[in-house]
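S.K.: For reference, Swiss-Prot lists these features for the protein:
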BINDING   TYR34, TYR168, GLN172  L-tyrosine binding site
MOTIF     39-48  motif ''HIGH' region'
MOTIF     230-234  motif ''KMSKS' region'
BINDING   LYS233  ATP binding site
DOMAIN    352-418  domain 'S4 RNA-binding'
Amino acid sequence: MNIIDELEWRGAVNQQTDEEGLRKLVEEKKISLYCGVDPTGDSMHIGHLIPFMMMKRFQLAGHHPVILIGGATGTIGDPSGRQSERQLQTLEVVQHNVDALTAQMKKLFDFGGNSEVKMVNNYDWTHEINIIEFLRDYGKNFSINSMLAKDIVASRLDTGISFTEFTYQILQAMDFHHLYKKEDVQLQIGGSDQWGNITSGLDLIRKLEGHEAKVFGLTIPLLLKSDGTKFGKSAGGAVWLDPEKTTPFEFYQFWVNTDDRDVVKYLKYFTFLTKERIDELAVKVETEPHKREAQKVLAEEMTKFVHGEEALLQAVKITAALFSGDIKSLTADEIEQGFKEMPTFQSSKETKNIVEWLVDLGIEPSRRQAREDINNGAISMNGEKVTDVGTDVTVENSFDGRFIIIRKGKKNYSLVKLG
């Protein structure tokens, strides 16, 4: 199947400006296409990842992706999907975010050697345009009537929209025109909320370059979970690509915990597995859901893609240790990842009796209860049961002098930080 057929099979096509024309174009030649992201933060989350997964598919099919980081548009703010104005960021913050997103993109796409992938920053060409040029060369080609009719603007008319955000669609259209002229880009990909911005770009190119210009737009559907909520959030909030914000272990766990009703859809959307392999996993979901094989494959594929093989192996190791309770083989860094969301306590490094120590920290409510739990085998320290109420807790008990893990009962873990 060609790339458009594959995207449709994967459920990744929402709207196309000219399905027949685009299908014919990609069958005739390898095209250049682009997708952009504004540096509104210093990390993408997995919701941002969706259109770039489609760009990666085009790359693997031999096409030439252009990744746009919005160093200019990021200073303005995209009104799409918002009910209120964005808070303007300083140029210093925007540049910091540009650098961070650029580094993330370099991990996802191969920019080395003879790679056909390019990364551009729209600040490089936008900052040279003065206000007179903007109004004469570009503004003249936009009708206020058509701009007001765009969903991204119409939805804000009651609550209000600034002239700054109102002109965002012109800036994005300018990007498409610039890339069409300089990089021969013929297709823009974006989320479903970008339809108005994309069609503005098509209109501008045709007005400036002639109606025979072969340019196209394609949007990705809004991805919803089976319960109707928006994809991309965990109980702790957004799932980030930055390992400092969402650890590889947490990232892995997010995918492992995917609902049976969603997992096949996610395998199609997010992995590069073949149709045959995904069909096999779909059968396993129906016949052996308790094994959660599809979820494990999804988690492995995504963690490896975003964080690499080493981080995946670490996440799998932490998961296995937590499941079995055998945590002795974990390193201090793995402990920090795996127990990040557990109840956390602070302790000095001085030697102390286990009973006194548990009560002082607040893990046990009283000395009597602490002694009773120890005598009943309900207390484990770093994966080993504590059986003697006379046991002393020392730095030697810790992981690298930093952490001690207490388990009370079967599943109640506590992380104790020494310092």
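Placed from the backbone N, Cα and C atoms, the Cβ positions cover glycine too.
What you are looking at is a predicted structure, and each value in this text was computed from that prediction instead of being measured.
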S.K.: Determine which residues of the chain contact the motif ''HIGH' region' (39-48) at the Cβ level, with the cut-off under 8 Å and only residues 6 or more beyond its ends counted.
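M.R.: Answer is 69-71, 74, 77, 86, 89, 94, 96-98, 100-101, 104, 223, 230-232, 238-242, 245, 254.
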S.K.: Can you tell me how many other Cβ atoms are located within 10 Å of the Cβ belonging to TYR34 (L-tyrosine binding site)?
M.R.: 24
S.K.: Tell me the coarse DSSP state (helix, strand, coil) of TYR34 (L-tyrosine binding site).
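M.R.: In the DSSP reduction, TYR34 (L-tyrosine binding site) maps to strand.
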S.K.: Residue counts in helix (H, G, I), strand (E, B) and coil for the domain 'S4 RNA-binding' (352-418), per DSSP?
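M.R.: For the domain 'S4 RNA-binding' (352-418), the helix, strand and coil counts are 20 helix, 23 strand, 24 coil.
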S.K.: Which site among TYR168, GLN172 has the most other CB atoms no more than 10 Å from its CB, taking these as binding-site residues?
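M.R.: Neighbour-count leader: GLN172.
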S.K.: In this predicted model, what is the average pLDDT of the motif ''KMSKS' region' (230-234)?
M.R.: 71
S.K.: For the L-tyrosine binding site, please report the maximum Cα-Cα distance among TYR34, TYR168, GLN172 in Å.
M.R.: 18
